[in-house]
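Engineer: Just passing along the structure, written as structure tokens.
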Amino acid sequence: MEVQVAPLRSWEDFFPGSDRFGRPDFKDISKWNNRVVNNLLYYQTNYLMVAAAVVAIVGFLSPLNMLIGGTVVILVFLGFVWVSHNKDILRRMKKQYPTTFVIVIMLSSYFLISYLGDVMVFMFGITLPLLLMFIHASLRLRNIKNKLENKKEEIGLKKTPMGIILDALEQQEDNINKLASYIPKVKE
């Protein structure tokens, strides 16, 4: 299947009035996780633009440090993904504790970059866009169009770059399994 880039959502859709934002239910982690994953899929191009703007600003201010910091984070992330696919314990940790997995990647990157003296570039250049994405994805309530687009991605009618990343982090398999177990129930 061909990978499709998700369309850039309008500013009114991406950042509407305060009535389309709501505090997540911290007691129901799976519901909160579902909101974050679905918003990451739906607004992925907008998030890419925000990240590119922040990275460009920081990169302009400190290009060498930004390059070193970005390289280290990518290498650490690829290393963890490779190790987790080859080691059962890490794979289970990634599946059961995805937030912990990402925090371990960030902390590992922090320590590697601190040896190079580029901690501030890492913190502002790479972590700030991730934090902004997470905050928006956590607070933004979904709409009908969002839910429809996410269903297309879940059942495999389309594939997007964020969908590939979430698959690598094993965040979409549960949704597909839920859908697969729901279809026979509907037929009955």
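Glycine is treated like the rest: Cβ placed from N, Cα and C.
Copied straight from Swiss-Prot:
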type: MOD_RES; residues: Met1; note: N-acetylmethionine
type: REGION; residues: 136-188; note: region 'Targeting to endoplasmic reticulum membrane'
type: TOPO_DOM; residues: 1-35; note: topological domain 'Cytoplasmic'
type: TOPO_DOM; residues: 78-93; note: topological domain 'Cytoplasmic'
type: TOPO_DOM; residues: 136-188; note: topological domain 'Cytoplasmic'
type: TRANSMEM; residues: 36-56; note: transmembrane segment
type: TRANSMEM; residues: 57-77; note: transmembrane segment
type: TRANSMEM; residues: 94-114; note: transmembrane segment
type: TRANSMEM; residues: 115-135; note: transmembrane segment
Engineer: By a Cβ-Cβ criterion of under 8 Å, what residues six or more beyond either terminus of the topological domain 'Cytoplasmic' (1-35) are in contact with it?
Structural biologist: 41-46, 49, 98, 137-143, 145, 149, 156, 158-162, 164, 171, 175
Engineer: Residue list, the topological domain 'Cytoplasmic' (78-93) vs rest of chain: Cβ under 8 Å, 6 or more residues beyond ends.
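Structural biologist: Same-chain contacts beyond the flanks: 100-101, 104-105, 108, 168.
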Engineer: For the topological domain 'Cytoplasmic' (1-35), how many residues does DSSP put in helix, in strand and in coil?
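Structural biologist: Secondary-structure composition of the topological domain 'Cytoplasmic' (1-35): 14 helix, 2 strand, 19 coil.
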Engineer: Determine the mean pLDDT over the topological domain 'Cytoplasmic' (1-35), rounding to the nearest whole number.
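Structural biologist: For the topological domain 'Cytoplasmic' (1-35), the model's average pLDDT rounds to 84.
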